[in-house]
């Protein structure tokens with residue numbers, strides 16, 4: 001677990017008193033810190049003095065330590081060392097920031113694949129832009145530092161692009177129409193008129209080309225919401241009705257999933273007939289995520305899936321009844337507002353319900369943990385399988401990470417809260433503090449409604465990427481050596497004094513109260529916690545673009561493809577297959 005907390009610096013002053021040099025470390029904080037965070041004694045020291053008649057100057061100190069076993073495993077405690085040269089290597093959070101140019105404005109989507117970033121804009125030209133993150137080889141001392149390279153821009157004709165995705169490089173060879181001698185990347189772009197383009201390009205040479213186009217709208221038909229109304233299924237599709245691609249994701253090598261309104265599509269890009277392999281409509285559908293082990297199991301989230309806000313879909317059941325909603329359902333209860341979900345493993349999935357997160361075990365259909373810490377509605381989730389961390393973002397711009405590596409699920413529902421901040425005070429004893437704030441919300445941005453909704457996040461090669469108002473940020477966890485100042489121990493000071501003044505009689509020890517010892521230990525544990533992380537941002541935040549690859553602009557024409565008329569269906573599961 002790592003924390004994003006305050007920075008501090010040490011300033012040392014010394015003075016001479018009775019030919020004895022003493023050093024005092026004064027801690028200067030940049031931000032406000034609540035005093036005496038740890039109010040309970042981790043170690044209780046009892047001092048006793050026994051008078052010896054033979055030597056009145058002798059002092060004997062007996063210490064009895066009562067250690068509570070439950071506090072020894074706390075991540076907020078560290079081992080106190082008396083070594084002046086004590087150094088530990090701790091994990092800290094490093095942030096790289098870039099201010100994108102004015103050409104990258106009105107961003108509509110962001111997709112990631114390892115170190116490649118694809119942005120789409122609402123402009124008519126240069127509406128696809130490719131970037132790449134690379135290690136900073138020039139400045140080796142910049143631990144975890146990254147450089148942002150602008151690769152190329154692509155102009156895709158047609159309506160505005162609303163969704164994008166990058167196919168993984170290892171799956172390129174599974175696409176029949178892909179030529180690896182010319183191209184090395186496959187992109188997907190979803191437009192506001194229901195079209196999805198399969199695009200091939202080269203990172204170095206460009207030569208972007210549309211391989212295939214998929215028209216979703218021709219497989220839909222119009223029906224009215226009222227059961228008493230006349231069925232309009234046989235009428236021509238209503239072109240004025242909105243049909244944007246709201247979700248687009250590659251699936252199972254050479255397949256992809258997409259969502260229009262409430263309808264879920266599954267396509268095979270190698271199939272000669274451009275009809276979907278699967279089409280069904282789910283009222284209130286917002287997001288789809290694929291099981292990482294079983295690719296035929298989907299998690300569906302939406303605003304009309306009951307209190308749980310999530311449902312499971314098994315594509316292997318061909319009768320259309322593969323949908324299952326976990327948990328008890330109350331027909332009179334209001335449906336949860338769920339906008340996203342993410343699989344953690346084969347049997348565990350997390351979804352958002354309003355301002356809270358729920359971790360489900362699909363084998364039992366029960367909630368195992370609640371993650372509470374957001375003040376706004378959670379609209380994005382990502383999971384780092386290597387570090388076992390969940391990243392969540394709400395509509396106010398708050399980004400949090402949840403460490404679930406040490407969570408042990410039981411029959412009782414666990415409650416997880418932030419480990420720092422106002423919400424970390426006054427929590428019950430059974431509450432797990434594993435949430436960390438990555439980025440706090442910008443109050444000025446929240447007040448400006450014009451910028452709301454322009455926040456995109458994603459996970460790429462263990463780097464958490466955030467895009468907000470043309471500011472791109474990369475968060476990474478790096479190993480950072482940290483010097484630990486030794487505690488102010490009276491025995492250590494007494495030993496140094498007795499070394500310099502051997503001829504003088506031994507000084508009588510001055511006892512400090514148990515409260516003072518507890519205060520020093522608690523402050524040291526808070527300020528130099530082993531898991532404390534430092535927030536670093538480049539200032540001023542200017543783009544660090546490498547001139548190795550100049551921005552390339554590639555325009556191309558759409559191949560002549562006949563547009564087929566069809567009928568639209570808004571809430572049923574069938575589709576019309578028309579021959580090409």
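Heads up, the Cβ atoms here are built off N, Cα and C, so glycines get one too.
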Original post:
Per Swiss-Prot, which of 459-496, 497-534 is region 'Disordered'?
Top reply: 497-534
**OP:** May I ask for the residues of the chain that lie six or more residues beyond the repeat 'WD 1' (102-141) and have a Cβ under 8 Å from a Cβ within it?
**Re:** 147-156, 160-169, 185, 187, 189, 199, 201, 203, 454, 456-461, 463, 465, 467, 470, 472, 474, 546, 553, 555
Original post:
Which residue counts does DSSP give the repeat 'WD 5' (373-412) for helix, strand and coil?
Top reply: 0 helix, 18 strand, 22 coil
Subject >> Across the repeat 'WD 4' (333-370), average pLDDT on the 0 to 100 scale >> reply: 89
